[in-house]
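Take a look at the structure below.
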Amino acid sequence: MGLIMVFSSSIALGDGPKYVNAGRYYFFSRQLIFILIGLFAMAFTFLMPMKFWDSKAFWGYCICFLLLALVLVPGIGREVNYAYRWIPIGPFNFQPSEFAKLTMIVFTSAYTVRKQKSIHGLKGFLPIIIYLGIICFLLINEPDLGATMVVVAIVMSILLLGGLGFALFSLLFLSAVLLVIAAILTAPWRMQRFFAYLDPFSQEHAQNTGYQLTHSLIAVGRGGFFGEGLGLSIEKLHYLPEAHTDFIMAVVGEELGFVGIFFVILLFVLLVRKGLNVGRQAIAMDRLFNGLVAQGVVVWFGVQAIVNLGVCFGVFPTKGLTLPFISYGGSSIVISLMAFGLLLRVDYENRCLMRGQKPLGIGASYA
């Protein structure tokens with residue numbers, strides 16, 4: 001469904017000045033390539049035993065730190081709209097913030113398992129907050145508040161599921177809220193977005209910072225219950241910016257209506273529910289790392305989907321977050337499929353343990 005909607009929402013972009021050299025199949029073909037790469041990456045993460053990922057968690061964090069630091073280096077990171085979020089690799093652009101989400105799931109899960117005896121106190125709590133703070137500092141400086149919020153939500157959920165005490169969790173939650181407020185208050189463009197979110201159709205905002213939101217709401221409103229029909233969106237014809245990425249759900253709403261929106265939401269609900277059950281099952285079989293990774297993955301998908309949908313429907317201020325598996329984006333789809341491979345691996349190892357079988361995979365020393 002995601003590939004179809006990317007094709008539908010991007011088919012007219014080649015007619016505009018921004019993508020003058022792009023044909024109607026440009027984004028479709030690139031997304032297809034990204035999906036194929038992602039499927040190979042998913043197969044790799046599925047074939048590697050979970051013990052392998054547990055043992056390499058710290059090295060993954062180090063690679064994540066290096067990539068996030070490199071993206072801020074002039075001449076290495078690519079600047080788009082005053083933000084440095086991409087590293088050019090040939091004809092493609094890699095977004096380290098997507099890798100950071102997956103890395104922090106694995107790293108926080110491994111840390112929580114190793115610090116089970118001290119995670120309830122400051123001795124075990126402070127180090128992971130320092131690790132998190134370093135990643136958040138780099139993300140904020142891109143700047144990418146949306147990715148920062150998702151990473152914080154991932155870490156908070158894993159720590160809570162891993163046994164973090166209510167007092168420390170409340171402290172972390174309050175700190176996260178204050179961080180978001182400070183990030184908004186200290187950045188004039190974020191303040192403008194916030195005020196535009198409060199009244200997007202006002203004369204002051206409708207043609208400026210509220211432009212995306214107003215056209216997103218118009219698209220969803222035009223769709224009604226059953227939609228205008230696949231491919232028949234008007235807003236994607238150079239009215240709604242980023243219709244194939246951050247605001248693809250507005251096109252879904254316009255073309256497929258409430259029925260299409262409900263179907264997408266249902267798929268995410270089923271995915272999150274299944275992932276949480278897989279995680280609980282792993283924890284019940286004394287595979288805490290496996291369980292935390294599985295639950296962390298679906299928390300990531302769920303939180304990011306909620307924010308993306310909320311932005312498209314005017315529930316949240318505009319943020320640059322893709323809809324997992326649906327929006328156009330190479331880094332997003334590849335890393336999301338890698339994470340899905342981990343979820344499948346946890347489920348596979350659960351089934352093998354219940355049957356008394358040895359899980360198969362690459363690397364006998366990790367089995």
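Keep in mind that glycine also has a Cβ here, set from the backbone N, Cα and C atoms.
Record features, source Swiss-Prot:
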TRANSMEM  32-52  transmembrane segment
TRANSMEM  57-77  transmembrane segment
TRANSMEM  87-107  transmembrane segment
TRANSMEM  119-139  transmembrane segment
TRANSMEM  149-169  transmembrane segment
TRANSMEM  171-191  transmembrane segment
TRANSMEM  251-271  transmembrane segment
TRANSMEM  296-316  transmembrane segment
TRANSMEM  323-343  transmembrane segment
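Between the transmembrane segment (323-343) and the transmembrane segment (57-77) there are fewer than 3 Cβ pairs closer than 8 Å, counting only pairs 6 or more residues apart in sequence, which means the two stretches are not in contact.
Away from its own ends, the transmembrane segment (32-52) comes close to residues 3, 287, 289-290, 293, 329-330, 333-342, 344-346, 348-349, 359, 361-363, 366-367 of its chain (Cβ-Cβ under 8 Å, at least six residues beyond either end).
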